[in-house]
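Colleague: This is the structure I want to talk about, given as structure tokens.
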Amino acid sequence: MREFKLKKGDKVGIISCSDGIKKENKKRVESVVDILKSMEIEAELSKCIFREKAEFSGSGSQRAKELMRLFLDKDIKAIFDISGGNSANQVLSDLDFNIIKNNYKPYFGMSDLTVILNSIYKKTGLKSYHYAIYNFGRENSRLQIDRFKKSFIQGKEDIFDFTYKWLRKDVIEGEVVGGNIRCFLKLAGTEYFPNLEGKVLLLEALSGNVSNISSLVEQLSMLNDFNKLSGIILGTFTQIQEEGNINILEEIILEKTKVFNIPVIKTEEIGHGSDSKCIVIGEKIKII
């Protein structure tokens, strides 16, 4: 049984810590709120949701202040970040990780929010959720809503159980770090980058061809303790798979990890797809 569950009457916060939502997509945000309301979950919209200046829903410090407010609000039981893009790392220097640790509640997001998910884990040791509630408004909305209810209200594992294939078989066991490969690497060389030793590294991407992503893989392989990873989970690489080149990327990753004998799996159920499931950053998993 998962430690986190929502119940009828609970309140959650919604925020955009990366690029703000375009104002023409306001109805999609309202749809997410309405769907939560249908579950008898109240949603509070942050002041930082929609784009105000260029791509931003506020300055980095304003977005960080709003996130801290949601953590401090004892009525808020979880925080769902519906943003993505490029600017999530602008909030990091203004986050108070002691406040987050002492007022813990699950933080949900993915894509560019990889930087916040992993920073929370590195700075507090606490878990956060690689999942986009914004998928409620996409083509697999009914599936996502059903999984959400079963997992976060009824306490079942539907949204966490994912299928996979082995690319290099062994035992994968350790705490999960990572997410979007490009955004994860924004943390490299900073105080927010998690130690890789013994960890299970999740990698996925929306954009980027094989050349782009293989360059990022090369950079990853040069980081401290990459060779000490417990395993790698490859999620979806949307552009590469649409171009029919996923086998090439898999070969590159297998070659790069060959000397260290790092086990690798590939799943189609974690990433930017509208049917994507949830994986918990900081949670210990075992795959055999």
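Keep in mind that glycine also has a Cβ here, set from the backbone N, Cα and C atoms.
Feature list, courtesy of TrEMBL:
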ACT_SITE  S111  active site, nucleophile
ACT_SITE  E204  active site, charge relay system
ACT_SITE  H272  active site, charge relay system
DOMAIN    12-130  domain 'LD-carboxypeptidase N-terminal'
DOMAIN    173-287  domain 'LD-carboxypeptidase C-terminal'
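Show me how these features fit into the structure around them.
Modeller: Applying an 8 A CB threshold to same-chain residues 6+ apart, the list for S111 (active site, nucleophile) reads S18, G84, G85, A132, G179, N180, C183, L206, H272.
Summarising the environment of E204 (active site, charge relay system), the number of other Cβ atoms within 10 Å of its Cβ, over all protein chains shown, is 27.
Taken residue by residue with DSSP, H272 (active site, charge relay system) is part of neither helix nor strand, so it is coil.
Residue counts for the domain 'LD-carboxypeptidase N-terminal' (12-130) under DSSP, helix first, then strand, then coil, are 56 helix, 26 strand, 37 coil.
On the 0 to 100 pLDDT scale, the domain 'LD-carboxypeptidase C-terminal' (173-287) averages 98 in the predicted structure.
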Colleague: Just how many other Cβ atoms lie inside 10 Å of the Cβ on H272 (active site, charge relay system)?
Modeller: 20
Colleague: I want to verify one value. Collapsing DSSP to three states, which class is E204 (active site, charge relay system)?
Modeller: strand
